[in-house]
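Enquirer: If you look up TrEMBL, you'll see Ser3, His4, Asn5, Ala6, Gly7, Lys8, Ser65, Phe148, Gly149, Tyr150, Asp151, Lys171, His176, Arg177 marked as substrate binding site. Under the heading Mg(2+) binding site, TrEMBL lists Glu35, Asp64. Marked as active site, proton acceptor by TrEMBL: Asp64.
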Amino acid sequence: MASHNAGKVAENAALLAEYGIGIVSAKELGLPVPEETETSFLGNATLKALAAARASRLVALADDSGFSVAALDGAPGVHTADWAELPGGGRDYAAAMAKVRDLAAPHADRTAWFTCALVLAWPDGHVEGFEGRAMGEWVWPPRGPGGFGYDPMFQPAGQALTFAEMDKAGKHAISHRANAFRMLAEACLKG
Ligand SMILES: O=P(O)(O)OP(=O)(O)OP(=O)(O)OC[C@H]1O[C@@H](n2cnc3c(O)ncnc32)[C@H](O)[C@@H]1O
Ligand SMILES: [Mg+2]
């Protein structure tokens, strides 16, 4: 699993476990964190998956994801992690969510969504990529102790709870990650 984000690794591990597939994370293997230089989720996921597959000689799954606000033209988007980055290293998601709220609050449109690009890469350079979304609204104040990242400020369409208020199964039933994973499973894991 070509990711250094514990929340993502746990969610993808749970999705893969349904197919009897175990994972070892890039962090556990001591792989470097590649620079995410592409302008799309699929581009960055491809770069991360290929780097891990080539370094580990194993099939690697990368997950590039992010939060988008319609009134901010899709920002923070591929820069979602950067908005949480602290100057001295580490991340502050409470501050990142407050920044999104401050910029978005003047706009009446509360539409927001998560995107997840999943890319499988083989050591020989073959790649397969899939993208999923979860549509909804941003809410303030943030609510819920679960999930990770920006989950407390996202309420999926038609739901009363934020992602952070749902249990794991509730988020998996409708998440951007599970939607992308369903396509990946259909194409690469079944049969
Ligand atoms: O690149 P890797 O090592 O996988 O880990 P990362 O945390 O840097 O991941 P990204 O570059 O893809 O940035 C994604 C950002 O979006 C956030 N994010 C992704 N999926 C999310 C989810 O399901 N719920 C809440 N926040 C999420 C995540 O916390 C990051 O801040
Ligand atoms: Mg990253």
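The backbone N, Cα and C atoms fix where each Cβ goes, and this holds for glycine too.
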Enquirer: When the number of other CB atoms within 10 A of each residue's CB is tallied over all shown chains, which of the binding-site residues Gly7, Gly149 has the maximum?
Expert: Gly149
Enquirer: Just report the maximum Cα pair distance in Å for the recorded substrate binders Ser3, His4, Asn5, Ala6, Gly7, Lys8, Ser65, Phe148, Gly149, Tyr150, Asp151, Lys171, His176, Arg177, no decimals.
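Expert: Site span for substrate, by Cα atoms: 21 Å.
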Enquirer: From the Cα of Asp64 (Mg(2+) binding site) across to the Cα of His176 (substrate binding site), what is the distance in angstrom?
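Expert: Each residue's Cα considered, His176 (substrate binding site) and Asp64 (Mg(2+) binding site) end up 11 Å apart.
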Enquirer: Just to verify: the residue among Ser3, Asn5, Ser65 with the fewest other Cβ atoms within 10 Å, which of the binding-site residues is it?
Expert: Asn5
Enquirer: Could you tell me which three-state DSSP class Asp151 (substrate binding site) falls into?
Expert: helix
Enquirer: Among the binding-site residues listed here (Glu35, Asp64, Asp151), identify the one with the smallest other-Cβ count within 10 Å.
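Expert: Selected from the binding-site residues Glu35, Asp64, Asp151 on minimum Cβ neighbours within 10 Å: Glu35.
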Enquirer: Measure from the Cβ of His176 (substrate binding site) and count the other Cβ atoms within 10 Å, all protein chains considered.
Expert: 27
Enquirer: At the Cα level, what's the spacing in Å between Glu35 (Mg(2+) binding site) and Ser65 (substrate binding site), rounded?
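Expert: It is 15 Å, counting Cα to Cα.
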Enquirer: Going by DSSP, is Glu35 (Mg(2+) binding site) part of a helix, a strand, or coil?
Expert: coil
Enquirer: For Gly7 (substrate binding site) and Asp64 (Mg(2+) binding site), determine the Cα separation and express it in whole Å.
Expert: 13
Enquirer: Would you mind reading off the Cα separation of Ser3 (substrate binding site) from Asp64 (Mg(2+) binding site), to the nearest angstrom?
Expert: 9
Enquirer: List the Cα distance (Å, whole number) between Gly149 (substrate binding site) and Asp64 (Mg(2+) binding site).
Expert: 13
